[in-house]
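Asks: Here Swiss-Prot flags 11-17, 39-41, Arg290, 316-318, 388-390 as GTP binding site. If you look up Swiss-Prot, you'll see Asp12, Glu13, Gly14, Lys15, Asn37, Ala38, Gly39, His40, Thr127, Arg141, Gln210, Thr225, Arg288 marked as IMP binding site, on the strength of sequence analysis. Per Swiss-Prot, the feature Mg(2+) binding site maps to Asp12, Gly39. Annotation source Swiss-Prot lists active site, proton acceptor at Asp12. Among the features that Swiss-Prot reports, active site, proton donor is placed at His40, with the record citing sequence analysis. Annotation source Swiss-Prot lists substrate binding site at Ala284, Thr285, Thr286, Gly287, Arg288, Pro289, Arg290, citing sequence analysis.
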Amino acid sequence: MKSVIFGLQWGDEGKGKITTYFSKDYDYVVRYSGGSNAGHTVMYEDFKVVHHLLPSIHAKYEVGAIISNGVVLDIEQIVLEIEDYISRVGRIPNLCISNLAHVVLPQHKLFDGLLESVKENNAIGTTKKGIGPAYADKVHRFGLRLADFEVDFKEKWNFISHLYKKLYRIEVEGYDGLLKAYEKIKRYILPHVEIIDLIEQNNVLFESTQGVLLDLDIGTYPYVTGANCNTTGIQNGVGYPVKVEKYMGVFKAYLTRVGNGPFPTEAFEEEGENLRRKGNEFGATTGRPRRCGWLDIPLMKYAIKVSGATELIMTKSDILNGFDKIPVCVEYEINEERVSDIKSVVELEKAKPVYEYFKGWESHNSQSFLDFVNFLEKQLKVKITYISIGPKVDQIVKL
């Protein structure tokens, strides 16, 4: 069995918890895109783990973790995560890392921050973790891979340092730190063909980062991440034409966004602050407050279409417990015309939400909540199979 769990919104949908919950049914969880800009928080009964690069494996089961070639790896960060995992869980994770994964360098992080600062009002609002610059150098064909540490690391480091000095006037230290970090993760690194063998021969759960609407190609460009975090990124992200059977799309019962970009259903002032406070909507990676708003049906339809979602999982419905009424955007008004489907996310800049209001609920057992779920299924034409009813990994209900 090959399945994928991915976000249908702008990230922060609760994919980490959902992936962890289902990971016990698989041999490996595979991260295929992104970098340390991801923040997947998993809460157990007695401790919490935040994954930035480590796949969201269940700490209480023997599940393997694979970081594939599509990930850009901050090797100093992964060392910290492994150490933190060991201290909390009490054992070393069964981790395999592709030797073809590219490395995030100190130059990338510094350049990321500088680029945001000079953009001023056009800034994207990145995490400044160097993800975009690392992918850019990969495309420019002077990126550094894990495999290069065993061949000509010093020569490549000097070349990259020379380029950044000449092109951007950026000079940083980092050679010794990278070497030390590499030595600590060397035991986990495998030739990529062996990664493919593991994927071929086992039941695998692919774990996406961010969300479909942040995908480099079909997201709300330019306010996107540097990677293909849609399900279409799996093939490139593992370097193998894998066949996926289940596409599990995760969405929150409301909507959030970090950074800049269009957000038609954004709630402001007291309304937005109430959602942010109740949902604890602060970034796991940066701590930044998330922009909060209401569920957006036209945008969900778009995300489902481009991702191929075969089933849906709703999270954080419990955050809306006790609300008198729940707004849901069912249509947009664009250029004085009503539309229920969008052809392109470019249209979002002009979109004004048209809301339908639903009676609030006290719990997931309330009839008003079940009516809400039935409405969503009719609108989206995809079955909602599970709902998350709390922050802990086992607080999930099958419908």
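Glycine residues also receive a Cβ, built from the backbone N, Cα and C atoms like all the rest.
Quick one: how deep are these features, and who are their neighbours?
Replies: All protein chains included, Ile389 (GTP binding site) registers 18 other Cβ atoms within 10 Å of its own Cβ. Taken residue by residue with DSSP, Ile389 (GTP binding site) is part of neither helix nor strand, so it is coil.
Neighbours of Thr127 (IMP binding site), defined as other CB atoms within 10 A of its CB across all chains, total 23.
For the recorded site, Gly39 (IMP binding site), the DSSP three-state label reads coil.
DSSP gives Asp12 (IMP binding site) a coil state; it is part of no helix or strand. The Cβ of Asp12 (IMP binding site) has 28 neighbouring Cβ atoms from other residues within 10 Å, across all protein chains displayed.
For His40 (active site, proton donor), the Cβ neighbour count at a 10 Å cut-off comes to 26, with all displayed protein chains included.
In the three-state DSSP classification, Arg290 (substrate binding site) falls within coil.
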Asks: Counting other Cβ atoms within 10 Å of each residue's Cβ, which of the binding-site residues Asn37, Thr41, Ser317 comes out lowest?
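Replies: Ranked by other Cβ atoms within 10 Å, the binding-site residues Asn37, Thr41, Ser317 bottom out at Thr41.
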Asks: What's the CA-CA gap between Thr41 (GTP binding site) and Arg290 (substrate binding site) in angstrom, rounded?
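Replies: Just about 15 Å between their Cα atoms.
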Asks: Cα-Cα separation of Gly11 (GTP binding site) and Thr127 (IMP binding site), in Å?
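Replies: Rounded to a whole number, the Cα-Cα distance is 13 Å.
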Asks: If you run the three-state DSSP split on Ala284 (substrate binding site), which class comes out?
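Replies: Ala284 (substrate binding site) sits in coil per DSSP, no helix or strand.
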